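Among the features that TrEMBL reports, ATP binding site is placed at 109, 110, 111, 112, 113, 114, 115, 116. The domain 'Torsin-1A C-terminal' feature in TrEMBL is assigned to 279-335. Taken from TrEMBL, the feature signal peptide covers 1-24.
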């Protein structure tokens, strides 16, 4: 290419990258930059140039269901319901070219059962950079919305942030962690974005995905799992219909769920309430093996057993479920 041509390419690239930084706040600047780049060079396009140097929002790219299924099967243990629902929900939604509303998932269960892990797997399959992607946004209640007296401010900020980022990438993913610590009312600020609207102020939210992570409902899930165990039934016999109605009502009436009397539930805007079952001794051992494999270590079954036996289990008499799930597996493995 002639030197002058290279200068035009460089100038166009600077325009595109600058627009990318501002896209979440001034979405129109991206379109202007792309148009300017094309005018400068006569042949540059969003696909040809921008996507070579920066992350692209691939709105029409279908989800690789086989890759997602493999990730869930290899990395998530003891969660047959979550594996099934997440796979079907994400695949069906992303392969639908004209969804009627955003996909909204609410993941429930005690700490260490895999909720955060699943959100990470989902993010990586939806956008290659996963949680590091500019199109995946993680909110932590205790970090981003700590003060009850600032609920109105948080609501306004949340609406502006979501509006700006969906304007920049229609298939944006928003993950809300520690929903059980979120002050009641904050999450209702996003209710219009989750509803069946074609557009709101010129922005369509129909291709976005919202994922809520919460410990709320963990007691209800454990009770159902324990009832099945005491009746001599396998945990794999538990079906979504056994838990989803109980979860939605329980969370709606729980003042510490972040969804207490929320319009999101009242208006049926949450597509799936996904239960994460408490983990048994065998599942903890699976977590230990997976962590050893991830570290590049040989699987030593003696170490696997020792780490699993260091965990504490409940109920007091039966000692069936790990009270921390697999949450402390990594730190405990460091001592072996």
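Even glycines carry a Cβ here, placed using N, Cα and C.
Please treat TrEMBL annotations as automatic predictions, because they have not gone through curation.
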Task: Average pLDDT across the domain 'Torsin-1A C-terminal' (279-335), rounded to a whole number - done: 95
Task: Other CB atoms within 10 A, centred on residue 112 (ATP binding site) - done: 22
TODO: Could you name the residues, excluding 109, 110, 111, 112, 113, 114, 115, 116, of the same chain that surround the ATP site, i.e. Cβ within 8 Å of the Cβ centre of those residues, in sequence order?
DONE: 117, 215, 276, 325, 327
Open item on the list: Taking only same-chain residues 6+ apart in sequence, whose CB is under 8 Å from that of residue 114 (ATP binding site), what do you get?
Closed with: 76, 77, 78, 79, 82, 276, 325, 326
TODO: Report the DSSP secondary-structure composition of the domain 'Torsin-1A C-terminal' (279-335) as helix, strand and coil residue counts.
DONE: 29 helix, 5 strand, 23 coil
Open item on the list: Below 8 Å Cβ to Cβ and six or more residues apart, same chain only. Which residues does that give for residue 111 (ATP binding site)?
Closed with: 215, 324, 325, 327
TODO: Taking the Cβ of residue 110 (ATP binding site) as the centre, count every other Cβ atom within 10 Å, in any protein chain shown.
DONE: 22
Open item on the list: Counting across all protein chains present, how many other Cβ atoms fall within 10 Å of the Cβ of residue 109 (ATP binding site)?
Closed with: 27
Open item on the list: At 10 angstroms around each C-beta, which of the binding-site residues 113, 116 has the fewest other C-beta atoms nearby?
Closed with: 116
Task: Tertiary neighbours of residue 115 (ATP binding site) (same chain, Cβ under 8 Å, six or more apart) - done: 107, 108, 109, 213, 214, 276
